[in-house]
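Reviewing the structure listed below.
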C-alpha cells in the first residue's frame, strides 16, 4: 500500500565536478509505503524525475532503521513519523522562495562524477544568510537501474493510457450531447420559422391599421400645437411690453438719484476745502495763544510770590466764596446751553426722520414692483413647464412612430412608398418642434434677464438702507461732539473765574503752574469739593495753607484758557466710514450749528 504525500516540480541547482552550476526543473515525489508481510513496517520513498528526460531517475528508500542513522549523522531533532511532514514543509519554503533573485531556501543536487550517469548524488536543502550557507538536510540518492527505469516508464505509460481512455470517454459523451442538442435546435428552428410566418402575416395587417390611425393623430396634434403656439405668443408679447415700461421707469428714477448724489458730493468737497482753511487759521491762533499762556504763567508766579505774605485765612474764605459764586453761574449757564442743545438736536432728528420716512416709502414701492415681477415670472415658468410636457409627449410619439416605420421597411414596395411619405411628414413635424423649442429658449433667456434686473433693484434697495444707517451714525456722532463741546465750555468758564492764589510761608514757594485740559473726562465730585480747595493750616507740621499742590501741577497736554472754544469741534476728525449720502446730512447739520 502506497500513499502519495508530495508531487511537484521545483527549481533545483544542479552541479557536478566538471560543469558549472545550472538551474533546472525537477519533479520531486514523496511516497509512504506500508507493508505487513512478513512484518509491519513503513518506508519513505523519495524519487527525483525530469519530465523532459524520461531516463533521469533517482530513488531513495528510508526505513525506520535508516532514519535513526540519518538522525545521528545530521543531528535531527524529530522522529520518523514527523519527518515526512517537516521535509515537505522545507520543500514548500523552497517553492515560495524560488521566484526571488536571492532566495533564502534553495535545493542543490550535487554529484562527485563528471556527469549524472550511474553515480550517487546528494540532494541538499540549504538556507542562505549573510554569514554562511546552512544545510538543513542532505539526502543521498541512488540513480535508477535499468529495471527501475523500466518500471518507471511502465508506470508512466499506464498513467498515459488511463488518461487517454478518460479523454476518449469524455469525447464520446460530448459528441452524444452535441448531437442531441443539434436535433433539438433543428426542431425548435422549424417551430420558430412557422411562428415567424404567422407573425409576419399579423404584422402586415397591424401596420396598415396603425398607419391610418397615425395620420389621424398627427392632424389632431398639429392643430393643438398651432393653438398653443398662438396663445403663448400673445402672452409673451403682453409680458414683454409691461416689463419694458417698468424697466424704463426704474432707470429714470435711478438717473435722478445719481444726479442728486453728484451735486451733494460736490457740495461736500467744497465744505471740506473750507474746513481745511479754517483748521490752518486755528493752528496759527493756537501758536499765538500758547505764547500768551507762557506770559500769563510767568505773571501768575510773580503774583504768587507777592501774595505769599498775606493773611491766608482771609484770602481763603474770600476765594471759597468766589468759587461758589462762579460755580453757581457756570451751572446756570450750563443749563441754558443744554436746553438750546436739546432744541437743536430735536430739529435735526425731525429732519432725519422725514428723510427716513421718504426712503421707506420708496422701499415699499420697490417691494410691490418686485412682488409683481415674481408673480409674472412664476406664471411664465408654469406655462413653460406645460409646454415642455407637451413637447416631450410629442417627442415620445415621434420616437414610437420612427420605430414602427423602421420595422415597415421589410414589407412590400407599396408600403415603402407610404412609409417615405410618413417620414417626410415626421421630419416636417420635427422641424416645427425645433422651431418651437428655439422660441422657448428665447423666452427663457428673456426671463433670466428680467431676474437679473430684479436682483439689481433689490441690491439698490439694500444700498439705500445702508445710507439710512450711516445717517443715523452721523447723528449720534454729532450729538457726542456737541456734548464734548459743551463740557469743554464748562471747563473754560471754571478756569476763567477761578483765582489760583495760595498763601505760603516765607521761603517755601512751590514752582507749580495752573493747568487746564478741556479734552479730559468730566471732573469727579472729589475734585471740585470745597475740602479739596480749602485746607486749614497745620502750624505744627509747617504745611502751607491754601490749594492743594495737585491744582498747580503742570501737564504737557494743557491748552490756553481763551480763544479755543468757538472752533473746538474743528480739531476733531470726522469718522472715515461716512459715505456720500451720510456726508450730505453731516454737512447740513454742521452748517446749522457752526456757520462759516
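Cβ from N, Cα, C; glycine included.
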If you look at how TrEMBL annotates this chain, which of 416-471, 472-527 comes out as coiled coil?
416-471
Region 'Disordered' per TrEMBL: which of the ranges 92-147, 148-203, 204-259 is that?
204-259
Please work out the mean pLDDT for the residues of the domain 'SAS-6 coiled-coil' (146-174).
90
Please indicate, using numbers and ranges, the residues of the same chain that are 6 or more beyond the domain 'SAS-6 coiled-coil' (146-174) and have a C-beta under 8 Å from a C-beta there.
49, 54-55, 57, 59
